[in-house]
Amino acid sequence: MNYPNGKPYRKNSAIDGGKKTAAFSNIEYGGRGMSLEKDIEHSNTFYLKSDIAVIHKKPTPVQIVNVNYPKRSKAVINEAYFRTPSTTDYNGVYQGYYIDFEAKETKNKTSFPLNNIHDHQVEHMKNAYQQKGIVFLMIRFKTLDEVYLLPYSKFEVFWKRYKDNIKKSITVDEIRKNGYHIPYQYQPRLDYLKAVDKLILDESEDRV
């Protein structure tokens, strides 16, 4: 299976990282060594098993190019490509609220670049927000080992600035000022719904 640029898909073994004891120590002492996606996956599993929320990662659409049929009852996919997602990474339901968000990581220490956010994703977030959904970006600064929830209502200001060719990124200070910090902890790894609770409270006042 290949990405749109033709490069083959390979599982990132660094996500699980080495021995099981090392992986367990990551759970106790923070997010170092694990991807944001894996952290969110752990949290979503905890929320589901605890009857707190039902939030899932949307599957990446795949375009099948070449299929072989060695037997009538068996099909073998020889070539396929990951297509660009048309919406955001995650959605679900929490206490009657529709939750929709995109998750991104950056190695930059001072800013989050906007060039890996797509127009159709922002359009989807806008539509979900207009229907009173709880919409946001979850951004991790890998080097700083900090994670923030940035509400769509704040993000759209920075996106407009980006589309107007004024600034191509959001500084970490702007995210700290306009977002909600999500600290690492033991269980769940990223209890981002605490930040969502604050967002719901703030937006309930703003949308009145």
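Any Cβ shown, glycine's included, is placed from N, Cα and C.
Taken from Swiss-Prot as is:
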BINDING   Thr87, Asp89, Glu102, Gln121  Mg(2+) binding site
SITE      Lys104  site 'Transition state stabilizer'
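The structure, with features from Swiss-Prot marked on it.
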residue	record	contacts (Cβ under 8 Å, 6+ apart)
Thr87	Mg(2+) binding site	Lys58, Asp100, His120, Gln121, His124
Asp89	Mg(2+) binding site	Glu37, Lys57, Lys58, Phe101, Glu102, Ala103
Lys104	site 'Transition state stabilizer'	Leu36, Phe112, Asn116, Ile117, Leu137, Met138, Ile139, Arg140
Mapped DSSP class for Asp89 (Mg(2+) binding site), helix or strand or coil: coil
